[in-house]
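Have a look at the structure below, then the notes.
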Amino acid sequence: MIIVSDVHKRYQTDKGYGKWVLNGVSFTIPPRVNVGLVGPNGAGKSTLLRIIGGVDHPSKGEVRRDCSVSWPLGFAGGLQGTMTGRQNAKFVCRIHGREEEIPEKLAFIQDFAEIGDAFDEPVKSYSSGMKSRLLFGMSLAFDFDVYLSDEITAVGDAAFRNKAAAAFKKLSDHAGLIMVSHGEGTLRQFCQAGIWLHQGQAYWFDDIEDALKNYKDSIKL
Amino acid sequence: MKRTRSSPEIFFAVIRALILREAALRIAGGRLSWFWLLMEPIAHLALFVALFGFILQRLIPGTDPAIFIAIGLIGYFTFQRTATQVKVGISANLALFSYRQVKVLDTLLARALVELVLMLLTSGILFAALAMIGRNVIPDNPLLVLGSLAVMWLTGLGFGLILSVVSTLSEDAGKVVDLIMRPLYFVSGVMYPILSIQQPYRDMLLLNPLVHGIEMLRHGFFPRYSSPPSIDLSYLALWALAMIFVGLLLQRRFSQRLVTL
């Protein structure tokens, strides 16, 4: 369960504080529910995801996590370009768990990512699809209760997306997913519930279709 | 519910992972990168030792000029390289802050530790080379040498902690600090015994805490080296403590702004 209560967020800019990106956002995500975050560019979707993941902090309000949450899977960071896929994976294994599990986890990641020999090449030589395969594999190697995904499946090919979806179907009896995506198909494929971010507020919908409908109505106007 | 790890457990796991990562990163540049990693400071040291230690042969009572220069440089570099590495630590590790386990301070500590190990390796190689050409490289008081080096390192860490915040928050302030740092080399007594400086300038130089560390290092090597009676390692230690305190305070105060920028 993740409880977001009255979260406000604004960033410091060169000219003082910027406007409120999130302005009093509250909702509760029950266990094992897959949620899609929808909203226009700059609505604060990634910011909210980072706050839920604990890598960014709200200016006001709080987030309570009663479960293990993955890091936000996205392209903003998480992979060091000059190091190989294996070295990156090792680093994440080391900060998440015990040393003796590393070989087993590495084998899993290499197997899931299906990037072949590129696993031992520097990450900067990867395509964005390969990066997302690696990141996704890395996160699945650990039994998180909730996975956070920021457009990570957007660049994957159909095979990878199906594989990721199958992995999540398998996980769905004990894990949930919170994802940011502009792809309606992706959202429908992965999520049941939806959160629509609109003018700094968040609206919860039990059905992702309702969230998408509201979002689309808001941009038509 | 899985077993949750305690904070110290996570801290040590992260520090370990960061040190290994930092070490891997430093030698990942190519086949010879481990060689250059050590060669760069060694070449610098060797040049200065050759220049001032052998060629000039300035007579400094009770010392071997080559060793005199070498330990001055090692002491100064232990401070300066640590401070520089810690200073740029935040921007170099931005990609890692998407893992909530990794805190800014962890990355900075790991960098400082890696730098310390590198510095010890470099000094070891340099002294081995000096020993091979017949110099006496065994310190008179090894404990004093190690202690002084440790305090120099802590001072570098504290200074770096402050600089990392200052230069992340304001690029201009970072440049000003770089400007001030440059002459530090010349007013720290790296190349000369502090007693060779005339008053009142000597007392002014003695305000610089680094002078105390470097002079103390020399005392550790040469039993008959003479320096002013006011040389005091605890003066440097106090500076180190104060800077680490201020550094940690700044890190805590600005922790949110350091990463989001």
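Just so you know, glycine gets a Cβ as well, placed from its N, Cα and C.
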Transmembrane segment according to TrEMBL, located in which of B:84-102, B:179-197:
B:179-197
TrEMBL lists transmembrane segment for one of the ranges B:12-28, B:63-79; which is that range?
B:63-79
How about long-range neighbours of the transmembrane segment (B:108-131): same chain, 6 or more residues beyond its ends, C-beta under 8 Å?
15, 18-19, 21-23, 26, 37-38, 41-42, 45-46, 49, 66-67, 70, 74, 77-78, 81-82, 85-86, 89-90, 137, 153, 156-157, 160-161, 164
Are the transmembrane segment (B:34-56) and the transmembrane segment (B:143-167) near each other by the rule of at least 3 C-beta pairs under 8 angstroms (pairs 6 or more apart)?
no
Long-range Cβ neighbours of the transmembrane segment (B:63-79) (under 8 Å; 6 or more residues past either end):
41, 44-45, 48-49, 52-54, 56-57, 116, 119, 122-123, 126-127, 130, 135-137, 145, 148-149, 152-153, 155-156, 159, 185, 188-191, 193, 210, 213-214, 217-218, 221-222, 225
Chain residues in Cβ proximity to the transmembrane segment (B:179-197) (below 8 Å; excluding those fewer than six residues from its ends, i.e. six or more beyond):
48, 52, 60, 63, 68-69, 72-73, 75-76, 80, 83, 205-206, 208, 210-211, 214-215, 218, 225-228, 231
